C-alpha cells in the first residue's frame with residue numbers, strides 16, 4: 001500500500017513559526033512517530049512526505065536518524081492541503097492503485113490502524129478512519145444562537161488515514177479544480193462527486209496534534225505505551 005503524508009503546516013496554534021511536525025514529543029519530532037508507525041505497518045510499502053522544500057533538510061536528517069527500511073520520497077507541497085495532496089497524487093508510482101492519506105500531525109495512529117485501512121480500501125472506492133461522537137453537538141448561527149441539535153447516533157469524528165482508489169481520487173481532484181471546490185479533506189471531494197465513502201473504526205487516541213495541550217496529551221499517551 002502507498003501512503004501520502006501531508007506535512008506542510010506551520011504551527012501557528014503552537015506558538016511556532018516553523019513546521020509543527022518538527023516539534024518534539026518524547027525526544028522525537030512529531031513526524032518521526034508517524035513514520036515509525038507506518039514503518040511498522042506491514043501493509044505499507046512506500047511513503048511520500050508532502051512538504052515545503054525549506055523543510056527538506058530537517059526531514060532528511062530525521063529520515064537518516066530513523067533508518068527506515070521502506071522507500072520514502074519528499075514531494076513539494078502546495079499552498080493548501082488540497083493542492084498538496086494533488087501534488088502527492090502526481091508523484092505516486094505508476095503501480096499505485098489505492099492510496100492512504102494520513103495527516104503527519106496524527107502521530108499516535110498505530111500500525112494496526114494503518115493495516116486496517118489498507119485492507120479495507122481494497123474492497124471499496126473510499127474510506128476514512130473515524131470514531132463515534134460522544135458529545136452532544138450544536139449547530140449555531142453567526143450570533144451564537146443554537147439552531148439545531150443533530151442526532152449524535154449519526155455523527156462520527158473524521159480522522160486519518162483516509163483511503164481511496166487512486167484513479168477516482170485523481171478524477172475528483174481534477175473536478176474540484178474545475179468547480180473551484182475548497183475542501184478540508186479528500187473524502188469531501190468524493191462526497192461532492194457522489195462517490196461512496198465508508199467509515200473504518202478509528203482510535204480514540206488518534207488525535208491531531210495542533211495545540212500545546214495536544215502536545216501534552218500526546219506525551220502522556222506515548223508514555224503510557226512505554227515508548
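Glycine is treated like the rest: Cβ placed from N, Cα and C.
What Swiss-Prot lists as site 'Transition state stabilizer' is 13 (among others).
The secondary structure of residue 20 (site 'Transition state stabilizer'), as reduced to three states from DSSP, is helical. For 20 (among others), the entry in Swiss-Prot reads site 'Transition state stabilizer', with the evidence type sequence analysis.
For residue 152 (site 'Positions MEP for the nucleophilic attack'), the count of additional Cβ atoms within 10 Å of its Cβ stands at 12 [all protein chains shown]. Taken from Swiss-Prot, the feature site 'Positions MEP for the nucleophilic attack' covers 152 (among others).
Taken residue by residue with DSSP, residue 208 (site 'Positions MEP for the nucleophilic attack') is part of neither helix nor strand, so it is coil. The site 'Positions MEP for the nucleophilic attack' annotation in Swiss-Prot covers 208 (among others) and rests on sequence analysis.
In the structure shown, across all protein chains, 20 is the one of the recorded sites 20, 208 with the greatest number of other Cβ atoms within 10 Å.
Calculated from their C-alpha atoms, the gap between residue 208 (site 'Positions MEP for the nucleophilic attack') and residue 20 (site 'Transition state stabilizer') amounts to 11 Å. According to DSSP, residue 152 (site 'Positions MEP for the nucleophilic attack') is assigned to a helical segment.
Residue 20 (site 'Transition state stabilizer') sits 32 Å from residue 152 (site 'Positions MEP for the nucleophilic attack'), taking the Cα positions as reference.
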